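Student: Just lifted these from TrEMBL, have a look:
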type: DOMAIN; residues: 54-125; note: domain 'PA'
type: TRANSMEM; residues: 151-170; note: transmembrane segment
type: TRANSMEM; residues: 198-222; note: transmembrane segment
type: TRANSMEM; residues: 228-250; note: transmembrane segment
type: TRANSMEM; residues: 271-288; note: transmembrane segment
type: TRANSMEM; residues: 294-311; note: transmembrane segment
type: TRANSMEM; residues: 323-343; note: transmembrane segment
type: TRANSMEM; residues: 384-404; note: transmembrane segment
type: TRANSMEM; residues: 416-439; note: transmembrane segment
type: TRANSMEM; residues: 445-462; note: transmembrane segment
Amino acid sequence: VTADEGILHASGNGVPPVTRDYCIIYNSNWMSLPQSLDNATFRTLENLTSTVLCNSSEVPSGLMKDKAVVVMRGNCSFLEKARIAQSLGAKMLLIASKPRLSPLSDNKTDFEDVTLPVALIRYNDIVDMQLTLGNEVNVTLYSPPLPEFDFSMVVIFLIAVFTVALGGYWSGVAELENLKAIASPGERETRRKKEENVTFTPVTVILFVVICCVMLVLLYFFYKWLVYVIISVFCLASAMSLYNCLAALIGEIPFGQCRIACCNKNIEVRLIFLAVFCIAAAVVWAVFRNEDRWAWILQDILGVAFCLNFIKTLKMPNFKSCVILLGLLLLYDVFFVFITPFITKNGASIMVEVAAGPFGNSEKLPVVIRVPRLEYSASTLCDMPFSLLGFGDIIVPGLLVAYCRRFDVQTGSSSVYYISCTIAYAIGMVLTFIVLALMKMGQPALLYLVPCTLITSSLVAWRRKEMKKFWKGSSYQVGRMP
């Protein structure tokens, strides 16, 4: 069974006529609808929602002649309703549904003798149509093609590039402070206490990728329980990340630094209020996470903070570790998107199933940047579809950008590595969107981001004759590794 989304265009008889569009669900195996209003035929709407049309005797003779008819769902099949409506002269059948719209599921062969268009519409939309347009309404059905490009992709592009660039820059600032602390013995111990960075070695990189694989498989089989674990972890981690990001900004403001004594420590009052605000933001998102109209904004803010803090905190010691991490995660992405459909029983990719919520689960993993589609279409009218980008597609290349920025700071190379790698990331994102538009299916973004960033960084190091140092890390960094 295939269900398609379309548009019912309704027009009142006022001057000028008031028009409204409503969502419909139809089956393209039974019939085809015009792609624009230019080729659509308008019919006068006859509201018969007082009947379910399971018997021709329910409707007075001649009432349906050459009209679009709307009846209630229930008591008999769509096929029976369609045959009765067609026998009574109707030219279009709308079936009003109080429950959520679902696919029309009768067999194609049974509908071979049915020539009139049949579609499902929300009952509330019929009520709204009467209140807005009056009792004399003309309607038509059409199904415009989905736009190949949506401006939500531009928003996601800007968010991703901004996060990667800012995360890399912040990591460079932290590295510069470390260098200054090492140059000043009096500050070294203080800096060491404040430092919260975690350095990845090749062994920990491999272990990290193995954990990612195991977690994804567990999510596939135990999604309905583990999704709440992920939501809880996201709330905690994003609140802490938002605090770290905003605290770094507040630290640059020389006002409101009054302190109070607590637990043998002096704590700035403004940081207490900041902590309360960050916790409240995470709690509000957790409570209203399924409110599509605005919760996505809060999720994106928390997600950006999470990615920024991750990129700044997690340090790659050298380009060798970056190559291992990005290469393994590229294989991980490709395997779980393109290879697993040949393994799973339903032929679906494990990555796509987990991202969408297996088995129709209403809870979604909060590990993506979400932006609602902005181009008008039947999809935006029927639902609120989103363009998505996983946190991994920001964090993983972002770690390489951060390493490039720290290498620039350590070698005094005027940000050439950082700027080149950031531009390469932006080009990789554009390439991802182009392939997405051409293939019309979800893409593993790392398939394009990893080659772009790794090759660009390698070429810059080779051109500057610094590949050996870039591969092994600076002497400062290597000397500090355990």
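In case you wondered, yes, glycine gets a Cβ from its N, Cα and C as well.
Automatic prediction, not curation, is the source of TrEMBL annotations.
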Student: Counting only CB pairs under 8 A, let me know which of 151-170, 271-288, 323-343 has the most with the transmembrane segment (384-404).
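Tutor: If we count Cβ pairs closer than 8 Å to the transmembrane segment (384-404), 151-170 scores highest.
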Student: Most CB pairs under 8 Å with the transmembrane segment (294-311): which of 151-170, 198-222, 228-250, 271-288?
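Tutor: If we count Cβ pairs closer than 8 Å to the transmembrane segment (294-311), 228-250 scores highest.
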Student: With pairs 6 or more apart in sequence, are the transmembrane segment (416-439) and the transmembrane segment (151-170) linked by at least 3 Cβ pairs under 8 Å?
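Tutor: Contact between the transmembrane segment (416-439) and the transmembrane segment (151-170): present.
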Student: Under a Cβ pair cut-off of under 8 Å, which of the recorded stretches 198-222, 228-250, 271-288 contacts the transmembrane segment (323-343) most often?
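Tutor: Against the transmembrane segment (323-343), the leading stretch is 198-222.
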Student: Could you break down the residues of the domain 'PA' (54-125) into DSSP helix, strand and coil, giving a count for each?
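Tutor: Computed counts for the domain 'PA' (54-125) are 19 helix, 16 strand, 37 coil.
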Student: Same chain only, please: residues at least 6 beyond the ends of the transmembrane segment (271-288) with a C-beta under 8 Å from a C-beta of the stretch. Say none if there are none.
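Tutor: Answer is 231, 235-236, 238-240, 242-243, 246-247, 250, 260, 294-295, 298-299, 301-302, 366.
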